[in-house]
Amino acid sequence: APFSLLLQLPSNNSMLLAILGLFSIIMGGWGGLNQTQLRKILGYSSVAHLGWMVLILQYMPSLSFLAFMTYVILTFSMFLTFWYNQSTTINALSTSWTKTPILSALAPLILLSLGGLPPLTGFLPKWMILSELTKQELNLTATTAALSALLSLYFYLRLSYAMTLTSSPNNLPATLPWRINFLQTTMPLTITTTISLCLLPLSPTVLSLFSL
């Protein structure tokens, strides 16, 4: 519904949408820097991603929809990962490797994909959005958006560091639990994780589908 309302705006309001998009990217990245709750961090992440969608909405709506679908898949995969690990804060991530080691190894890659680093799937919409902004001769807007994305990338790296390079502050060495709870429904996580990491080589096919 909000996207349908934004599409109804006349084309002479493109500068207003560009300002709102840049403001959303900056505030989404800035607001998530000092957060410790995972839901708040992902909330600010959604604000930043919304800015990218609004930024390109007037020029190429199909690309904005591609960014939205990519964000939904990445966030769904990340929510499932945190749910399986029973993690709600950054400190709880330090013990996730004892619960699901393989999933904890893949989670930082999903976070880096959310940050838009190549060669992961999250790089595709940002790459195409920056390319389209450059074609529209909005070089300053594209540069500002790319630099502002570094704010979001910082707290994604912070979460990745907490999951992979920190350990729980226990007196005894951390060991695997004597009984591992096997995941009952792994198919949604498997599909979304695969898409989150490996979709960039199929970018011509994806772009052709969304440009129909």
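Easy rule for this one: first residue shown is 1, then count along the chain.
Keep in mind that glycine also has a Cβ here, set from the backbone N, Cα and C atoms.
The domain 'NADH:quinone oxidoreductase/Mrp antiporter transmembrane' annotation in TrEMBL covers 6-151.
Per TrEMBL, the feature domain 'NADH dehydrogenase subunit 2 C-terminal' maps to 153-206.
If you look up TrEMBL, you'll see 15-34 (among others) marked as transmembrane segment.
Per TrEMBL, the feature transmembrane segment maps to 41-59 (among others).
Taken from TrEMBL, the feature transmembrane segment covers 65-85 (among others).
As annotated by TrEMBL, transmembrane segment applies to 97-118 (among others).
Marked as transmembrane segment by TrEMBL: 138-157 (among others).
If you look at the transmembrane segment (189-210), the same-chain residues 6 or more away from its ends with a CB under 8 A from one of its CBs are 62-63, 65-66, 70, 73-74, 76-77, 80-81, 84, 103, 106, 109-110, 113, 118-124, 128, 183. Residues or ranges marked as transmembrane segment by TrEMBL: 189-210 (among others).
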Contact set, same chain, for the transmembrane segment (65-85): CB under 8 Å, 6 or more residues outside the stretch: 3, 38, 42, 45-46, 49, 52-53, 56, 92-93, 96, 99-100, 103-104, 106-107, 110-111, 113-114, 121-122, 124-126, 128-129, 183, 188-189, 192-193, 195-196, 199, 206-207, 210
Predicted model, mean pLDDT over the domain 'NADH dehydrogenase subunit 2 C-terminal' (153-206): 73
